[in-house]
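Q: Sharing a structure with you now.
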Amino acid sequence: MKIILLGAPGAGKGTQAQFIMNKFGIPQISTGDMFRAAIKAGTELGKQAKALMDEGKLVPDELTVALVKDRIAQADCTNGFLLDGFPRTIPQADALKDSGVKIDFVLEFDVPDEVIVERMSGRRVHQASGRSYHIVYNPPKVEGKDDVTGEDLIIRADDKPETVLDRLAVYHKQTSPLIDYYQAEAKAGNTQYFRLDGTQKVEEVSQELDKILG
């Protein structure tokens, strides 16, 4: 089962990705997590990515495509995977298609911009694992602490309101065209496309996903 998640930053993709991973036993491949791991390791790619991400800009296609192709070739992706944050652009989608990767489901999470700004300013992240919480919608068991390790949670620089607005502008310009792209792919019989109302409660979205992916 090979799945792509579409939707603006903060649309709830990460939370639902956890649900899908646990339910179907496939890994989530988040370019954000891959880049954050590279940043933490202090690699050259990590340094380049950090400078761009701190400004709310996107990492260039060629860096991202190489990273993703290496990742989906690994053994844990044999039964499928979940792509979150990739592809972001039509050239990336074409590169994925050209590499012979067939996508079974494309899931779009639809949420208005103003809801996203409110959501993201309340987001807290466990840096080492990428686990994400929200002070209102999905709080940790202990305030400011990761449920699994008990380590401190942080507010990422790219979750600050002014950066969120910049990221949304970039999303609408670069990534929104993928909605049309994958709807066309679905009409051609190459994948299945579903749009979900991301303003619903987390459990309601999960139930809807369960029915779709079954």
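For all residues, glycine too, the Cβ spot is worked out from N, Cα and C.
So Swiss-Prot says this about it:
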type    : residues                                                                             : note
BINDING : Gly10, Ala11, Gly12, Lys13, Gly14, Thr15, Arg123, Ser132, Tyr133, Gln200             : ATP binding site
BINDING : Thr31, Arg36, Lys57, Leu58, Val59, Gly85, Phe86, Pro87, Arg88, Gln92, Arg156, Arg167 : AMP binding site
REGION  : 30-59                                                                                : region 'NMP'
REGION  : 122-159                                                                              : region 'LID'
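Distances, neighbours, how buried they are, the whole picture for these features please.
A: Sequence-distant neighbours of Arg123 (ATP binding site): residues of the same chain at least 6 apart with a C-beta under 8 Å from its C-beta are Gly10, Ser132, Tyr133, His134, Ile155, Arg156, Asp159.
Here the Cβ of Val59 (AMP binding site) has 22 other Cβ atoms within 10 Å, regardless of which shown protein chain they belong to.
Broken down with DSSP, the region 'NMP' (30-59) shows 22 helix, 1 strand, 7 coil.
Taking Cβ pairs closer than 8 Å, the region 'LID' (122-159) reaches residues 9-10, 14-15, 18, 30, 32-33, 36, 40, 53-54, 56, 167, 202 in its own chain, all 6 or more past its ends.
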Q: State the count of C-beta atoms found within 10 angstroms of the C-beta of Phe86 (AMP binding site), not counting that atom itself.
A: 24
Q: Which residue counts does DSSP give the region 'LID' (122-159) for helix, strand and coil?
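A: Summed by class, the stretch gives 3 helix, 10 strand, 25 coil.
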Q: Of Gly10, Gly14, the binding-site residues given in the record, which has the fewest other CB atoms within 10 A of its CB?
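A: Each of the binding-site residues Gly10, Gly14 was scored; lowest Cβ tally within 10 Å is Gly14.
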Q: Apart from its near flanks, which chain residues at least 6 from the ends of the region 'NMP' (30-59) lie with a Cβ under 8 angstroms of it?
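A: Hits for the region 'NMP' (30-59): 14, 17, 67-68, 71, 84-86, 88, 127-128, 130, 157-158, 163-164, 166-167, 170, 174.
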